[in-house]
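Quick look at what TrEMBL annotates:
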| type | residues | note |
| --- | --- | --- |
| BINDING | 43-48, 175-181, 200-204, 269-272, 327 | GTP binding site |
| BINDING | 47, 181 | Mg(2+) binding site |
| TRANSMEM | 416-437 | transmembrane segment |
| DOMAIN | 1107-1173 | domain 'Fibronectin type III-like' |
């Protein structure tokens, strides 16, 4: 039996036949069409190619069409002069001809002209005058720094023709003219049997969100690169580089699943300009330091760039067709396009599929299905985030297939749509840009446990998800007034204004080296240094000081940035961090405590596709007891800002890791400030915002801005989250009083100190003594046989070694690098040093620098001395005063040594820098120099300027080596401090903030940075399997004798310890877990004092001196002993003092992984007091009963 109507059945059949007919017609039409897509960054020449296509294949431009370009020509010239004028003001250049001031004023007047009118005659003479002005020419030479168009010379050299009454733009004028492409332009060319549909889209960042609309069914993709842009900034971002931007875009496009079947053609455009400029502007001077061809050879250089682009294609089966072109040369482009027509037609033929997106049954398939599900995917985004802490940056079918196995719900249509939505929304809401398009290369997943891991689906879930991001609370802000004012101001803002306020206009600056104060173990000195530093930065208009650094802690002994942090011991690091924050913020400058968290090696610290950044894989207890510990002190001290790090933490990037930011920092520590990314450490938009990052630097241009607004509009990010981001920033601003009587941001701080600028002298005379005290106390005396030191007016003093004298040149430029360095015997240029910052990890770095005495490590945090007194400078002054004869030799490893020398000083250094880890802990050149001198001089004194642990066992036991000083990084007072110590005007009191081993292998696996194995080639893993057992904790557990223990340092006097007392605090709570609501620094009870320890320290010698008395505690189920207190009394000869230590609940607790809290255990705690971790003459016990 049948139910229904024959008429209805006939009607349905008719509709089906009509639909089939339409589909067949579309298929026939599409079979004759070739879709070409023009892509590339701004200024790459895409629109010029489109004009050429019209000239070559579409009978060119009519007279009326050419006239329409006349206003464009005029505007190009006028706008270029406006840019030049702005540049002249910025670089402080004046007009050669004063009359040109008035001429330039004319350029600033808006003047709209009609296509039928001649160009305004009143502009002709001014343009001619400006064009020959030397001041203008000087600014044009720097045009690459402010995005000056490359067509100005073409127009101004022929200005009379342009201003003639009968002027009609020529084809070449049209090709040279620049008109920003906005939206999508489609041009159709009928060429024989095929129709070419060419799509041109805007290349600037703000236009890229429109690109997705053109990605469907592309037969041929033409990607244009302005090869001449290797030294050019971006129009939309003067800090960006056109070539780097093009490489980033190409990597995304070339590996996108959208173009799997498309022919990819790469145009290296603007070859004429490239040939002109390469001779005067080598590509190595602009960051491309892995180029090793002739500097002025355009052929070698262009091949280098072509190879660089081809290398980014991860589909080895897909051929990339490369062409060197000049889009303004019609004949050259005609030849090029001829070959492209063949390739694109072939691609179109081989890629024919059912483009309708319909199955025969009428259901949607493929991308059509994905787009239909998109709205549902957006609604599902929040549910998806709750499943796991997944920071998706890729969209590709192979990834979805792998995710289906891990997350069953992805097997549904809804699940697939969710993945698509996350991919799109994670970069700022919808298809907001291509900064995070597919980067993986698909391939084999984890079905083969021994195979190469090719995408990060393997690691999903290793970092637990913690959402939502906690909002700032008035109770923990440290100032209810600041919180209230911030909340009130933000309440009056629109969403767009809130987001705009996150585009930072603040001035950030880096702090000074910390080696002096960390080796001093002096809280008071640290505080005074911080106050002086804060005062200087305030006068310079610095809103935020990028410091102190407590990460790296120093897990990797050869870590390149260990010198920037306080200590490998978390207690010492936390104590000095706290004093630094109090001092700097007391001066009204916000501190940015960094790098959060477990950022322990420079090797692979950054993403360099296809390799991701290294992952620091840390267990929960180790994280809390070691790496998080000093951040507790920082938050307790009220730091206004915390900087998240480059690397991944348990395989989730630090600046979008919800466990570390939302969970550890904002929840456990109760942090009420704001989180800023390290520079360019942001990898996602929505994910970073939801995970707790508040501000991106240098500016959130790739992921936030309009994209963050869009994310709020579509529900991906709540407006409350954005509100909290802004409130946190403004509250710290109010709290520091920066809304009142604060200098203009960055006043007197140009990008290049060598360029003309306003001088703002922020120095304070009282700071000089702080600098000197820090340099003196930062020296650690580790050997002094037979009282070699202090010196007693030697008759002949010989000085050797490259680190004794000042550099040949001091430019005043910060960053820790002069124009050239010499490591070992090989000179290294500034460009090669910069290669380290672009992660040129194949470079053969050395451990020493021959460019004068070492006063600082290298990198972004290195300061420049205002007036350096080198050791040799000070020794000459001392010798002149004493009548001592001086001999010296700095350039050879086997110098002549005078046999009558009363003493020989040998200087060496141990260099370290950001962006690479040290290749070793000693160097044979310096060790050979020391031994050479020691074999010829009976009293050899070694002075090492070291940025970290330096092994000495090759020579330390030599009988003629009678004294050794670790001078660390003493800064500009280097020589003054050293001679004060050498001649006894000051008494050494520094202590080692690390352990010096006998052999590098004694440190264990953490001596060197972790490198990826074959399986993790693209996902380097650093497994912190040693737990909390690093440095002296490791040596204690292994019962291994160090050369010099942690906390060790000699004096010209001697000290004795006695009368230890350990007293529990009466009525102090000893319950297992701290009670109370979390405030800044965790639950307040964590900081309750539960016991006090005191001891006598006596100066038993004949010289006044200071001693660092150190308290160590043995916590049950923990390391043998851990530093839990230090005091530094200054004692006159023969005097004594009683030192007291307060032990807090935190000091005695362990992190309970199960209970997720700090637990004070029942039991007996060992207590030791002494002069270093291996010399602890006083021993007692503390009993705790819960």
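Placed from the backbone N, Cα and C atoms, the Cβ positions cover glycine too.
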### Summary
In the three-state DSSP scheme, residue 46 (GTP binding site) belongs to helix
### Task
Provide the three-state DSSP residue tally for the domain 'Fibronectin type III-like' (1107-1173): helix first, then strand, then coil.
4 helix, 38 strand, 25 coil
### Message
Which secondary structure state does DSSP assign to residue 178 (GTP binding site), in the simple three-class scheme?
### Response
coil
#### Entry: Least buried by Cβ count (within 10 Å) of the binding-site residues 47, 269
47
#### Entry: For residue 269 (GTP binding site), the three-state class that DSSP assigns
strand
### Query
Looking only at Cβ atoms, how many others are within 10 Å of the one on residue 43 (GTP binding site)?
25
### Query
Given the model, what does the mean pLDDT over the domain 'Fibronectin type III-like' (1107-1173) come out as?
97
### Query
Relative to the Cβ position of residue 46 (GTP binding site), how many further Cβ atoms are located within 10 Å?
28
### Query
So how many other Cβ atoms are close to residue 175 (GTP binding site), meaning within 10 Å of its Cβ?
23
### Task
Specify the count of other C-beta atoms within 10 Å of the C-beta of residue 272 (GTP binding site).
15
#### Entry: Integer Å distance between the CA atoms belonging to residue 47 (Mg(2+) binding site) and residue 175 (GTP binding site)
9
### Query
Hey, how far is residue 272 (GTP binding site) from residue 47 (Mg(2+) binding site), Cα to Cα, in Å?
17
### Message
For the C-alpha pair, I'd like the distance in angstrom between residue 269 (GTP binding site) and residue 47 (Mg(2+) binding site), rounded off.
### Response
12
